[in-house]
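Here it is, the structure in full.
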């Protein structure tokens, strides 16, 4: 019974499926009861076949695609296509609705086309039906081969990788439709390099050998070919892959030599490169972890070997100073290894490599060596000793030359000490610890040859001399005290509390004792036994008229050995006070007036400067008076100052010619004969006067006397203006007798004056001759 029910249900489902398409194909229809009328309006629909076309279709164009058909039956019906490709790629027969393709189609360029179908009236061009959109799909054919995304690939993989290590993922693309079976599937195949690599899966390259050694072959080139499932391949279906092997630390260092020999001087600096130990390690620098060590010999603390991965070498450096006199040769065995290497990469290779190193030390003339790095001596102050301490330096070389000692005078402290040829230090003056408690000396040791001459090799050492204290300073006040007391102070009034210090080294148990040097009538000193003392009023009530300041000599003693006692004076000022005991009037003790040496020196220099200035003024005035006494005025003397670039002849420049001759010629006089030089020296040129009894002279006696009188008056006229005084004339010009006094406005020139006689006066007057003489070249210009 249950089986029958299940069969009936299945039959009902099947009938429902059969009736569903009918309903779907007529969406405009509605089921109505049989009682309703059967007359209703039916909608017109487009009718055409499914539009599909193969790409790259063979045959002559055009190619039939399909038919569009409308349910409208009208004799004037016309079909049209609209769209981007309508009229170019696709056309429709306006009468039948057949659609044709007029070009070969490529699905990889355009997989489908969207068009719009129209049905219009031929006469009116009006739409008889609503436009309908439809699609023409291009069917794919297997007309494309796989193409790599790039022609060259670069990849890397560590050397000595295990088989199956991924290297790179290649990608090739087939432009065909992937939904069509086997059209877009890609098959990869190695064309070159299959002995070291392989392809697994879709383009994954893996290692196929475990012996990929970068030091043997650093790079591999493989060629990969692609094709689709149907075996279609082309020129673009291959790609080249360059695979670089990455270096790993898989090689041990090996010495390039089994024996290394070096020769170095004994004065090589500690830490300086001594030599290089080259090793062979084909790994790259970042994987060279060479470790050098000394395996045989007792010199592990004498030398060190620092690796240099870049140059693939180990650098030997001394850790201690070398001494030829002690060891002339070092011989030891070294080992090179790499502790970071992966032992899985080794194949029977030794993990260690050894070599022999021999270092020969050569002798160098070294400076003297002091036995100690520094010296410390002690000396009591106020003591002069012929020997404080000794320094000792020796020649480390085999020659064992003698040594000379000296103290560098780097400061004034060095003048207190001396050193003899044996290195014994002594003081030449007594020392005061309170001035300098320490003396730091620099002692030089110089190597001397057989004649006692320094060879240039020297060394220095620091010597520290400590001055020990002696009780040679008496105690004194700790500070200056300004004690004051009221004139009506009562008995027992505390005036001031005093304390003491000692410039000597003060021990913890130092004790100072205080006492008055003389008994005072009105002050009392009380020792507190704690290195302080109180000064109090003894009777009270002071008289300011009798004494405004009281001077108390106080004795202060220490407990040193020997005990010293010092005297310090305390000055107590008596002041007027108010009722509250406040000081209202005090006369402080004036400081002693004195003049220091510096002030005296300054005063003396000022007095000396004033005296020198006064003397210079006096000498200048005296020289001016002497010049006037010679009978020459200042303007005449000034006229004889001739400036030129040639060397002068001293007094001969003033005695060899007469300035008055030049003046007479400049004022239009005739050319005079050259005067004879006077044999005796003269300060001024002698004026060549005409003889007293020359023919044509009028009244020679009277005229000569008058000229002499006028000349003396002019020479001794102290009230006359100086020669460089500016003369101001009230009127000047054409209406004046003198007209213009300026040389710029005159029409006359000195061209008619003959100065050729200057050429006869010698080379000293060459400059004047060139300035005033005629130039023969000027005559050629006219």
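Glycine is no exception: its Cβ is also placed from the backbone N, Cα and C atoms.
Quick paste from Swiss-Prot:
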TOPO_DOM  45-598  topological domain 'Extracellular'
BINDING   55, 108, 140, 141, 143, 176  Ca(2+) 2 binding site
CARBOHYD  58  N-linked glycosylation site
BINDING   142, 144, 174, 176, 183, 228  Ca(2+) 3 binding site
CARBOHYD  154  N-linked glycosylation site
DOMAIN    256-370  domain 'Cadherin 3'
CARBOHYD  360  N-linked glycosylation site
DOMAIN    371-475  domain 'Cadherin 4'
CARBOHYD  440  N-linked glycosylation site
DOMAIN    476-592  domain 'Cadherin 5'
CARBOHYD  522  N-linked glycosylation site
CARBOHYD  534  N-linked glycosylation site
REGION    620-659  region 'Required for interaction with PALS1'
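Tell me what's around each of these sites.
Long-range Cβ contacts of residue 55 (Ca(2+) 2 binding site) within its own chain (separation 6+, distance under 8 Å): 104, 105, 106, 107, 108, 138, 139, 140, 141, 143.
Long-range Cβ proximity for residue 58 (N-linked glycosylation site), meaning a same-chain Cβ under 8 A and a gap of 6 or more residues, is found for none. Reduced to three states, the DSSP call for residue 58 (N-linked glycosylation site) is coil.
Around the Cβ of residue 144 (Ca(2+) 3 binding site), a 10 Å sphere holds 21 further Cβ atoms from the protein chains shown.
The DSSP secondary structure for residue 154 (N-linked glycosylation site) is strand. Sequence-distant neighbours of residue 154 (N-linked glycosylation site) (same chain, six or more apart, CB under 8 Å from its CB) are 241, 242, 244, listed in sequence order.
Secondary structure at residue 360 (N-linked glycosylation site), as computed by DSSP, is strand. For residue 360 (N-linked glycosylation site), the same-chain residues 6+ apart in sequence whose C-beta sits under 8 angstroms from its C-beta are 261, 262, 263, 264, 328, 329.
Counting residues of the domain 'Cadherin 4' (371-475) by DSSP class, helix then strand then coil, yields 5 helix, 50 strand, 50 coil.
The Cβ neighbour count for residue 440 (N-linked glycosylation site), using a 10 Å radius and every protein chain shown, is 14.
Residues in the domain 'Cadherin 5' (476-592) partition by DSSP class (helix H, G, I; strand E, B; coil) as 0 helix, 54 strand, 63 coil.
A sphere of 10 angstroms centred on the C-beta of residue 522 (N-linked glycosylation site) encloses 18 other C-beta atoms.
Neighbour list (residue 534 (N-linked glycosylation site), Cβ cut-off 8 Å, at least 6 residues apart, same chain): 494, 496, 497, 498, 525, 526, 528.
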Who sits close to residue 174 (Ca(2+) 3 binding site): which same-chain residues at least 6 apart have their Cβ under 8 Å from its Cβ?
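Listed in sequence order, they are 144, 145, 146, 147, 183, 184, 185, 186, 228.
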Near residue 522 (N-linked glycosylation site), which of the recorded positions 142, 176, 440 can be found within 10 Å, Cα to Cα?
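Those close enough: none at all.
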Write down the Cα-Cα distance for residue 142 (Ca(2+) 3 binding site) and residue 176 (Ca(2+) 2 binding site), rounded and given in Å.
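Cα-Cα distance, residue 176 (Ca(2+) 2 binding site) to residue 142 (Ca(2+) 3 binding site): 6 Å.
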What counts of helix, strand and coil residues does DSSP assign across the domain 'Cadherin 3' (256-370)?
6 helix, 53 strand, 56 coil
Neighbour count first, Cβ atoms within 10 Å, every protein chain included; then name which of 108, 228 tops the list of binding-site residues.
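It comes out as 228.
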At the Cα level, what's the spacing in Å between residue 440 (N-linked glycosylation site) and residue 142 (Ca(2+) 3 binding site), rounded?
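On Cα coordinates alone, these residues lie 104 Å apart.
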